[in-house]
Amino acid sequence: MTSHVLALAFLLHACTALAWQETNSRSVVAHLDSGIIRGVPRSADGIKFASFLGVPYAKQPVGELRFKELEPLEPWDNILNATNEGPICFQTDVLYGRLMAASEMSEACIYANIHVPWQSLPRVRGTTPLRPILVFIHGGGFAFGSGHEDLHGPEYLVTKNVIVITFNYRLNVFGFLSMNTTKIPGNAGLRDQVTLLRWVQRNAKNFGGDPSDITIAGQSAGASAAHLLTLSKATEGLFKRAILMSGTGMSYFFTTSPLFAAYISKQLLQILGINETDPEEIHRQLIDLPAEKLNEANAVLIEQIGLTTFLPIVESPLPGVTTIIDDDPEILIAEGRGKNVPLLIGFTSSECETFRNRLLNFDLVKKIQDNPTIIIPPKLLFMTPPELLMELAKTIERKYYNGTISIDNFVKSCSDGFYEYPALKLAQKRAETGGAPLYLYRFAYEGQNSIIKKVMGLNHEGVGHIEDLTYVFKVNSMSEALHASPSENDVKMKNLMTGYFLNFIKCSQPTCEDNNSLEVWPANNGMQYEDIVSPTIIRSKEFASRQQDIIEFFDSFTSRSPLE
């Protein structure tokens, strides 16, 4: 009798301990803090994993919740289908084009995709180890993009025993409009990211994940967001390390200046025909507008200004609002904020080549001829007194343009100033402040079958923005007709990059002590980086005269006092 009771007790314990349950060969379910969700079994290269798609991680920010910090989910009673990706957030895509499949847009876009190694599904009393978790923040200039699989296929990583989470967050006017009020405080998109990380903490074990072993990562604006989160007091204890691909909190392609936020907000209200000055009335009119109208106004702003419109902002403390960015990122870095977070950061050899067609369509050359200050990186533009802007533009023109305004010259100045300089400078700053290791790379491998170049109609030399991402995430875009079988070297490079990333996710170093299959990658000393040229050519290099020249040139501007 006693043995039967013990057996029954053990069975009951096992059933309640199961965070996961395989219901049949075509679906799996997970028990979250808000209810049960049903996902789908999948496989890649003969290795099984499970995906839970379109999982809400907070109450949808519609109606009175527009612009506000996300609120907790209401629990649901029935099993929620998580078998399809949810709608993407409202946006105007000016870059990704055919890389992104046509998707429904909605304000109700707060969804995550969770991809889990098959071995992690049924966890009984810890017989399967908790897995490390990668939370990836998509790029898109804080204006467009999504966590969908078109650019972020999880196959390369989830089949190596890492849980991969991608997600949507509010973008452009919906995510980064700031009126400096409690109802429209700004940085809503960053708060969405913090909400997602808190949700992951609460539910990690339900997915077989280790809540104490979370890596955040991002590409472009997603990398900048990830770095900003490492500098925020609001994220303490939410993650362990960060990977920054082509973006930092110091990046020159955006500015956190409240001056810019005030300027862009004023432009928006003019386009919408809102002439009120009372913040409450402005909020009421913005809330009453259909989301489509706000999205159309944002599209007009993008056409007028370029890629970047609504951006993260240094915040003033507001009652009842979680502060994400409490000071200029460069000041926070100099003070040592975030220095104990291990970083893996990188840039490509010709970042801004990816934007070439967009710049041509934008008629950039004529716009520069009409207004030379356009060549000034946004961050510098709002650090410089207005009377000195033309002088600054001429200094940049002498350095990069040699008297000829051309797309080629802009691409060069953009690559150096927007991406390479911030990465080099962050490496220097980390060496000065001490703290956790930082690993820096330059990705210069020109793949034989670059899906990015094919889809976007590019034929440039060098490696542009986004191209390194395709060796870490599988591109599952609608442009399957343009996919070619990867070359032997392409496969080797995919294995190399995923190897570095997987090691960093597991041991905070690109090369772990218990994995000798990769060449040892030394931590940065403020003057060195790994130059990834091919799967067999990876060199540790000291900053050359070219890098030193880039640092000295842009340092000469940042030494000026920023505008208040």
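Cβ atoms are placed via backbone N, Cα and C, with glycine included.
Under the heading signal peptide, Swiss-Prot lists 1-19, citing experimental evidence as support.
The N-linked glycosylation site annotation in Swiss-Prot covers N81 (among others) and is backed by sequence analysis. In the three-state DSSP reading, N81 (N-linked glycosylation site) counts as strand. Cβ neighbours within 10 Å of N81 (N-linked glycosylation site), excluding its own Cβ and spanning all shown chains: 14.
Here Swiss-Prot flags N180 (among others) as N-linked glycosylation site. Around N180 (N-linked glycosylation site), the same-chain residues at least 6 positions away in sequence with a Cβ under 8 Å from its Cβ are G186, P258, A261, S316, L318. Classification of N180 (N-linked glycosylation site) by DSSP places it in coil, neither helical nor stranded.
The feature active site, acyl-ester intermediate is assigned by Swiss-Prot to S220. For S220 (active site, acyl-ester intermediate), the Cβ neighbour count at a 10 Å cut-off comes to 28, with all displayed protein chains included.
Under DSSP, E351 (active site, charge relay system) is assigned to a helix (H, G or I) in the three-state scheme. Taken from Swiss-Prot, the feature active site, charge relay system applies to E351 (among others), supported by similarity to another entry.
The local packing around N402 (N-linked glycosylation site), expressed as other Cβ atoms within 10 Å of its Cβ over all shown chains, amounts to 9. Residues annotated as N-linked glycosylation site in Swiss-Prot: N402 (among others).
DSSP assigns H465 (active site, charge relay system) to coil, not to a helix or a strand. Within 10 Å of the C-beta atom of H465 (active site, charge relay system) sit 26 other C-beta atoms, taking all shown protein chains into account. Sequence annotations record features per position, and here Swiss-Prot assigns active site, charge relay system to H465 (among others).
Residues annotated as N-linked glycosylation site in Swiss-Prot, with sequence analysis given as evidence: N515 (among others).
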Pairwise CA distance, S220 (active site, acyl-ester intermediate) versus N402 (N-linked glycosylation site), rounded so that it is a whole Å: 29
Inter-residue C-alpha distance, E351 (active site, charge relay system) and H465 (active site, charge relay system) (nearest angstrom): 4
Between H465 (active site, charge relay system) and N402 (N-linked glycosylation site), the C-alpha gap once rounded to whole angstrom: 25
Number of other Cβ atoms within 10 Å of the Cβ of E351 (active site, charge relay system) across all protein chains: 27
